[in-house]
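Participant: Take this structure first; my questions come after.
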């Protein structure tokens, strides 16, 4: 038995009936393959040369021992860092996409419906906000699974699985939804500029367009920068509404009751049903389904089954935590509206500008109006960024054409800005609220064209393999799709009836 023990290498060789058994353990990362091969040949002896003498072993030991203890200590230090950072390093690649998607659930369209719900029906529609958030979590989970498993976003999957005319029709509807969403965000930002600085709405639209282009140029091919900007804006919204809640002092018991106990009036009261459906229509955004299935692929290159399973798990956690935060923001808007407007007898507040003015008057603090404007500006700006990204995903996915990002983004912005400018020039500031309503109706009309393909794809075993929806999940998915279609159809019908 020959044993050699030195820094970084431990060898043992047993010779029995001319059979050589060699065990080699390498500790040092500095050890080269040629060195190890040479040592193995020396230990084996008769194959490529004579057996090494004690002097040769001593020489080899001296050479190998030059791998200093400091190197080994450095290696051990690196390993300790891996152990300390292991949890974060595993999760980090999957964090961020959820925040970008959650932005769509805090846009100015949500503000309008939440303000109306709180002022007209107190806390009763908090249950609808909660239900809408749960549905959103479900469909967004389907979207991210599609992207991680197939390495296709929803637009690409439609192009590859459907006929030319079908996927082009879906592209048109998706592009209209993106433009409608951008329209609402631009208007929201313009209103915020008007509230904070007194800038006319028409100039606010122009400033918002320029501002978002600057942000997008900074974030070109730097998704982490965009994510940091979005998180900063979400934090701004949360801080602003935390202070607003402190000013409003809502009734905690009534608030919890409205959140977890559904009211029978949801069915019996047409007005409440209309607003409730509006909350759902403003919450579940079709462009988010396209965007999310693409975002999860940016940093994930998983191919093995275990790696995909891990990616799905961590991405789902990131998504759900982000949407929980979005739920609290929407709930806070409704609660502030209920505690401020409903309690003071202002039961018909659907205009965002009117809401800001009433806040400072009812609460007796100019700060509340300023915070409201800051939160609205952050909401509009973050939503325009993600809306433009969604437009890029939709166009490239459906048309399979790579166009420079800034060209797509400028085009998307212009398509969203032009209707706003035309409406403002034609009707003045009074037409802004109508534009918001129109944008939400367009989104509602498009939603089934995104949800139905998503449910079909994620339930397809040929496409998804072992990650296809189970029978129970598929049944739930179709029920959710049918509920969304029915409620959004109701919203559209009631909107047209109300406009007559």
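Note: Cβ is positioned from N, Cα and C throughout, glycine not excepted.
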Participant: Out of 77-100, 101-124, 125-148, which range is noted as transmembrane segment by TrEMBL?
Facilitator: 125-148
Participant: Which one of these stretches, 41-63, 225-247, 340-362, shows up in TrEMBL as transmembrane segment?
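Facilitator: In TrEMBL, the transmembrane segment feature sits at 225-247.
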Participant: Give me the stretch from 169-191, 267-291, 312-339, 406-426, 432-455 with the greatest number of Cβ pairs under 8 Å to the transmembrane segment (125-148).
Facilitator: 312-339
Participant: With pairs restricted to those 6 or more apart in sequence, evaluate whether the transmembrane segment (169-191) and the transmembrane segment (312-339) have 3+ C-beta pairs under 8 Å.
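Facilitator: Result for the transmembrane segment (169-191) with the transmembrane segment (312-339) is no.
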Participant: Are there residues at least six beyond either end of the transmembrane segment (432-455) with Cβ under 8 Å to its Cβ atoms? List them, or say none.
Facilitator: 108-109, 112-113, 139, 142-143, 146, 154, 157-158, 161-162, 170, 173-174, 176-177, 180-181, 183-184, 187-188, 190-191, 201, 278, 281-282, 284-287, 289-290, 350-353, 419-420, 423-424, 469, 474, 477-478, 480-481, 484-485, 488, 491-492, 495
